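For reference, the structure discussed in these notes is given below.
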Number of protein chains: 2
Amino acid sequence: MRQTSHGPIGVFDSGVGGLTVLKSLMERLPHESTLYLGDTARVPYGTKSGEVVTRYSLKNAQFLLERGIKLLVVACNTASAVALPALSAALPVPVIGVIAPGARAALKRTRGGGVGVIGTPGTVRSGAYQRELQAADPHVKVKARACPLFVPLAEEGWMTGEVPHLVAREYLADFAREGVDTLVLGCTHYPLLKGAIAEVVGPHVALVDSAEATAEATAELLALREMLAPEGAPTTHGYYVTDVPERFVEVGARFLGRPIPSAEQVDLSF
Amino acid sequence: MRQTSHGPIGVFDSGVGGLTVLKSLMERLPHESTLYLGDTARVPYGTKSGEVVTRYSLKNAQFLLERGIKLLVVACNTASAVALPALSAALPVPVIGVIAPGARAALKRTRGGGVGVIGTPGTVRSGAYQRELQAADPHVKVKARACPLFVPLAEEGWMTGEVPHLVAREYLADFAREGVDTLVLGCTHYPLLKGAIAEVVGPHVALVDSAEATAEATAELLALREMLAPEGAPTTHGYYVTDVPERFVEVGARFLGRPIPSAEQVDLSF
């Protein structure tokens with residue numbers, strides 16, 4: 001495995017959602033440069049098969065690797081859930097997904113041991129969160145549910161009001177009744193719907209978002225392997241997308257919490 | 001241009017939605033064989049750029065052409081809206097989209113000359129329906145609106161009840177007030193939400209679905225060019241998809257109105 005403190009941290013996602021993970025990385029590791037790839041020509045991943053998501057993930061990773069990244073963060077929950085073993089086997093740099101950090105954060109929060117997980121159909125079907133949670137604590141009770149309409153609602157900007165509330169109630173009413181005290185928002189889009197989700201599950205359920213936990217895990221790994229960029233080194237942040245950049249630049253700023261100056265369009269259909 | 005009565009009719013769509021067009025083709029032209037390609041690994045097209053949708057459409061068309069189709073029906077509204085000129089220029093067989101037949105059907109139905117069009121962001125942004133309607137009748141008043149949440153609702157099977165009703169009200173309440181007497185369902189998924197749409201726009205607005213009109217246009221073109229398959233010839237119907245076939249076969253039966261015996265997975269990322 002290649003180990004160096006040079007080079008940016010690579011981050012990929014199916015689209016804009018992973019920018020919430022990039023945001024946490026920038027806050028936690030302000031001396032690191034980053035390269036972000038949003039696969040906007042093939043988004044979404046959450047409704048596609050593990051086979052196709054793995055193929056796309058390997059192409060994304062190869063693209064970033066050719067640009068000299070020292071570590072890869074898979075910011076997409078679906079890709080983390082289905083493609084992490086293939087990515088770790090194929091890449092000469094360390095690979096971090098969002099599932100394990102999110103699961104660990106949930107286990108720290110739960111008091112009664114009932115953890116809910118919501119995500120895309122691909123993430124929930126993979127069972128990755130369920131495995132990760134039960135490997136760390138065999139006594140934890142896990143209830144998982146796919147919420148496929150949350151992504152289009154967040155992408156549309158319908159984050160408050162009657163429609164997201166009703167959709168959240170349809171998906172989540174059971175959680176409130178089943179002893180769940182901690183709910184993992186297992187998709188990078190879901191934090192945008194936190195308000196509607198919290199209304200339905202109530203104030204006694206802690207909502208866990210894996211972005212911060214993933215940034216923390218990245219910081220720990222870089223420190224452990226002595227791969228942190230030196231303080232004071234100049235940092236750069238680059239953005240690539242596979243569809244035209246306009247919408248990414250516009251919508252992405254909402255996810256990143258700061259403007260995206262520009263993004264370069266690249267063709268990964270090789 | 002290659003003209004022959006041999007070979008199947010090729011049909012492509014971004015996924016399952018175009019099966020409603022295939023259904024109408026099978027009913028109108030029972031002696032024709034068909035090959036259907038659903039680009040399920042890259043679905044949806046409606047939220048992607050014209051550039052990317054055109055690239056995917058050309059690959060889909062080339063794949064079907066290599067399998068000997070005599071004519072191509074572009075069953076996807078978004079692909080018809082943005083890629084038809086490129087497809088017609090590139091292919092040696094006739095190409096029919098769903099926009100022109102749908103627009104003509106709407107002009108036959110309208111009494112007051114107010115036509116509404118709903119579709120994906122890509123279809124509405126292209127202005128294809130608006131141009132087609134006004135070219136045929138410069139006096140027609142057209143009001144178009146993108147309804148991006150209708151596709152995920154239909155795919156999820158949330159076709160009746162409170163959520164689709166509220167979403168339809170949010171998108172369509174204006175149409176009822178603006179003298180629209182005919183509404184084009186400009187996306188193959190939307191007929192599945194006909195109930196919710198009709199509730200909001202009311203009984204005096206005619207809903208036009210381009211599937212039947214497209215089948216009629218195909219029958220006319222085949223007859224005119226003497227390309228109809230001879231009666232009594234054995235017919236076959238083949239299905240290809242770019243993601244794994246299981247969900248397509250299962251969900252597709254709802255759109256096609258008959259079982260899909262099997263579908264073959266193919267890789268078009270060449």
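Cβ coordinates come from backbone N, Cα and C, glycine included.
Unlike curated records, TrEMBL annotations are generated automatically.
Contacts of A:C76 (active site, proton donor/acceptor) defined by a Cβ separation under 8 A and a same-chain sequence distance of 6+ are given as A:F12, A:D13, A:S14, A:G17, A:G18, A:Y45, A:S57, A:V98, A:T188, in order along the sequence. DSSP gives A:C76 (active site, proton donor/acceptor) a coil state; it is part of no helix or strand. What TrEMBL records for A:C76 (among others) is active site, proton donor/acceptor.
Annotated active site, proton donor/acceptor per TrEMBL: A:C187 (among others), in sequence order. All chains included, 29 other C-beta atoms sit within 10 angstroms of the C-beta of A:C187 (active site, proton donor/acceptor).
DSSP classifies A:H189 (substrate binding site) as coil under the three-state reduction. Per TrEMBL, substrate binding site is recorded for A:D13, A:S14, A:Y45, A:G46, A:N77, A:T78, A:T188, A:H189.
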Looking only at A:S14, A:N77, A:T78, A:T188, which of these binding-site residues has the biggest number of Cβ atoms within 10 Å around its Cβ? A:N77
Longest inter-residue Cα distance for the substrate binders A:D13, A:S14, A:Y45, A:G46, A:N77, A:T78, A:T188, A:H189, rounded to the nearest angstrom, is 12
At the level of the C-alpha atoms, what whole-angstrom distance separates A:N77 (substrate binding site) and A:C187 (active site, proton donor/acceptor)? 5
Nonlocal neighbours by CB distance (under 8 Å) for A:G46 (substrate binding site), same chain, sequence gap 6 or more: A:S14, A:N77, A:T78, A:G119, A:T120, A:P121, A:G122, A:T123, A:P148, A:V151, A:C187
Any idea what DSSP makes of A:D13 (substrate binding site), helix, strand or coil? strand
